[in-house]
Amino acid sequence: MAGRNIKNGENNKIAGSSLHLEKNPTTPPEAEATLKKLGLVASVAAGVQFGWALQLSLLTPYVQLLGIPHTWAAYIWLCGPISGMIVQPLVGYYSDRCTSRFGRRRPFIAAGAALVAVAVGLIGFAADIGAASGDPTGNVAKPRAIAVFVVGFWILDVANNTLQGPCRALLADMAAGSQTKTRYANAFFSFFMALGNIGGYAAGSYSRLYTVFPFTKTAACDVYCANLKSCFFISITLLIVLTILALSVVKERQITIDEIQEEEDLKNRNNSSGCARLPFFGQLIGALKDLPKPMLILLLVTALNWIAWFPFLLFDTDWMGKEVYGGTVGEGKLYDQGVHAGALGLMINSVVLGVMSLSIEGLARMVGGAKRLWGIVNIILAVCLAMTVLVTKSAEHFRDSHHIMGSAVPPPPPAGVKGGALAIFAVLGIPLAITFSIPFALASIFSASSGSGQGLSLGVLNLAIVVPQMFVSVTSGPWDAMFGGGNLPAFVVGAVAATASAVLSFTLLPSPPPEAKIGGSMGGH
């Protein structure tokens with residue numbers, strides 16, 4: 001995802017590695033953007049995250065309603081990390097070299113938004129398309145709807161990576177080398193992600209949203225499906241409006257092939273291996289080989305951090321429906337009630353995330369630096385994931401007591417259990433704000449000395465996010481099945497990974513260097 005080439009002709013030693021800083025002669029003075037314009041570009045994240053919030057809160061239960069068992073549901077999510085690993089570096093590479101009259105990043109952002117619209121249509125109407133193609137009715141697997149859903153889901157993840165990577169790259173371009181603006185840009189991005197989350201989870205938690213769009217409920221698409229479809233209508237409208245607004249106000253100047261060649265020549269001279277760069281994957285491999293030690297440690301801490309996060313992000317509402325509420329997919333109302341309670345928890349989480357996003361600068365100064373803050377919140381993450389075990393056992397004890405008293409259908413969990421679960425969601429907003437901001441800001445400072453471009457460098461940090469996601473997607477289903485099919489085993493592994501990430505953040509991750517002018521590529525203005 002995020003990363004930058006640190007340039008300026010000086011050599012700064014950090015943990016035994018030199019960061020080459022030299023001014024980029026092709027950066028126009030007008031590229032230095034105001035905070036207002038940085039915020040406008042960052043606002044696109046609200047549209048992206050609105051859709052992601054719907055994915056995280058509603059799609060795992062939805063695929064199970066289509067007939068995909070829990071063990072296999074995690075494999076559906078492989079498309080996200082796989083597309084992130086391939087698409088984002090690819091888009092970054094070509095956006096670095098784009099000579100469009102609209103600029104380097106804006107064409108990719110616009111294309112990503114258009115692809116999101118196509119994907120949302122396929123996902124929302126998967127059940128209808130499946131029924132029209134001959135899927136059976138009732139509580140059975142619907143293979144054609146599943147196929148349409150999977151295609152739409154893959155397109156959606158490709159679209160999000162096509163959109164989000166260049167959006168972060170444009171923010172880095174606009175920061176024009178200022179560490180302060182870089183930190184603010186990432187904080188703005190995190191803040192608008194929180195706003196998008198709040199909107200998405202609020203929409204997902206309202207069980208009668210389909211009444212606003214009555215045509216969404218059909219014979220093949222029940223109330224839950226119609227609500228999901230309605231949420232996606234709102235999502236794509238928000239994304240298109242924000243994208244058009246940002247791309248209309250913030251301009252990029254067209255660059256020429258000669259300027260690209262000049263930048264490539266400069267990078268080749270700074271390349272530690274002394275060899276010319278190979279296209280795309282060759283550059284990505286070269287970037288990984290030439291990474292300075294601070295960036296390698298950052299990638300390791302980030303990878304452990306995402307091993308901790310991804311099980312909960314993937315199965316949080318499913319955990320509420322099954323373990324906390326004791327429901328079963330497609331049977332009775334308890335599971336649906338739990339999913340909607342989980343969406344409420346995610347909305348509360350996003351409110352905390354938004355407040356924290358605007359407080360990161362002050363908190364980092366208060367605790368002694370960004371790396372120390374990241375270590376502290378990783379401990380908070382580990383404690384919260386461990387507390388899911390306590391909440392689950394309390395809910396099970398409550399249900400067992402009702403079975404003993406002869407109750408055929410247990411009621412929803414008591415207020416104390418539900419409050420404990422929602423408290424976990426709320427507190428997790430604190431470390432999530434840091435996860436969405438600090439790694440990208442540090443990557444901008446610990447930029448790779450591989451000579452890769454702004455967009456391609458984003459793919460380097462992204463690898464530390466998508467590879468753990470692939471690992472969790474492949475292993476969480478079988479791992480959970482070994483312990484009875486619940487979500488807790490993956491959450492416990494996440495708690496261990498968060499603890500390891502905190503230890504490495506405290507002990508190995510170096511502090512960023514003093515403010516230095518980080519050469520930005522030809523930016524927007």
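Each Cβ is built from the backbone N, Cα and C atoms, and glycine gets one as well.
As annotated by Swiss-Prot, topological domain 'Cytoplasmic' applies to 1-37 (among others).
For 38-58 (among others), the entry in Swiss-Prot reads transmembrane segment. Non-local neighbours of the transmembrane segment (38-58) in the same chain are 109, 113, 116, 120, 156, 160, 163-164, 167, 170-171, 174-175, 181, 184-185, 188-197, 199-201, 203-205, 227-228, 231-232, 234-236, 238-243, 245-246, 249-250, 313-314, 316-317, 339, 342-343, 346, 350, 524; each lies 6+ residues outside the stretch with a CB under 8 Å from one of its CB atoms.
Here Swiss-Prot flags 72-92 (among others) as transmembrane segment.
The feature transmembrane segment is assigned by Swiss-Prot to 107-127 (among others).
Positions annotated as transmembrane segment by Swiss-Prot: 145-165 (among others).
According to Swiss-Prot, the transmembrane segment annotation covers 184-204 (among others), on the basis of sequence analysis. Sequence-distant neighbours of the transmembrane segment (184-204) (same chain, 6+ residues past either end, Cβ-Cβ under 8 Å): 2, 35, 38-39, 42-54, 57-58, 167-168, 171-172, 174-175, 227, 230-231, 234-235, 238, 340, 343-344, 346-347, 349-351, 353-354, 357-358, 360-361, 429, 433, 436-438, 440-441, 444.
For 230-250 (among others), the entry in Swiss-Prot reads transmembrane segment, with the evidence type sequence analysis. Packing against the transmembrane segment (230-250) from elsewhere in the chain are residues 33, 37, 40-41, 43-44, 46-48, 50-51, 54, 58, 106, 109-110, 113, 116-117, 120, 123-124, 163, 170, 174, 196, 199-200, 203-204, 209-210, 212-213, 216, 524-525: each is 6 or more residues past its ends and has a CB under 8 Å from a CB in it.
Per Swiss-Prot, the feature transmembrane segment maps to 295-315 (among others); the stated evidence is sequence analysis.
Summarising the annotation, Swiss-Prot assigns transmembrane segment to 338-358 (among others) and lists sequence analysis as the type of evidence. Sequence-distant neighbours of the transmembrane segment (338-358) (same chain, 6+ residues past either end, Cβ-Cβ under 8 Å): 53, 56-58, 61, 187-188, 190-191, 193-195, 197-198, 201-202, 204-205, 207, 316-322, 324-325, 327, 412, 418, 421-422, 424-430, 432-434, 436-437.
Taken from Swiss-Prot, the feature transmembrane segment applies to 373-393 (among others). Long-range Cβ contacts of the transmembrane segment (373-393) within its own chain (Cβ-Cβ under 8 Å, at least 6 residues beyond either end) map to 301, 305, 308-309, 312, 319, 323-324, 360, 363-364, 367, 417, 420-421, 424, 427-428, 430-431, 434-435, 438-439, 486-488, 491-492, 494-496, 498-499, 501-503, 505-506, 509.
The feature transmembrane segment is assigned by Swiss-Prot to 422-442 (among others).
Taken from Swiss-Prot, the feature transmembrane segment applies to 455-475 (among others), supported by sequence analysis.
Positions annotated as transmembrane segment by Swiss-Prot, on the basis of sequence analysis: 488-508 (among others).
Under the heading topological domain 'Cytoplasmic', Swiss-Prot lists 509-525 (among others), citing sequence analysis as support.
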Query: Does the transmembrane segment (72-92) reach the transmembrane segment (145-165) with at least 3 CB pairs under 8 A, where each pair is 6 or more residues apart?
result: yes
- request: Establish whether the number of Cβ pairs under 8 Å between the transmembrane segment (295-315) and the transmembrane segment (422-442) reaches at least three, counting only pairs separated by 6 or more residues.
  value: yes
Query: Taking all residues of the topological domain 'Cytoplasmic' (1-37) together, what is their mean pLDDT?
result: 42
Query: So what's near the transmembrane segment (107-127) in sequence-distant terms, Cβ-Cβ under 8 Å and 6+ beyond its ends?
result: 44, 47-48, 51, 59, 66, 91, 94-95, 98, 100, 135, 142, 145-146, 148-149, 151-153, 155-156, 158-167, 170, 216, 218, 220-221, 225, 228-229, 232-233, 235-236, 239-240, 243, 246-247
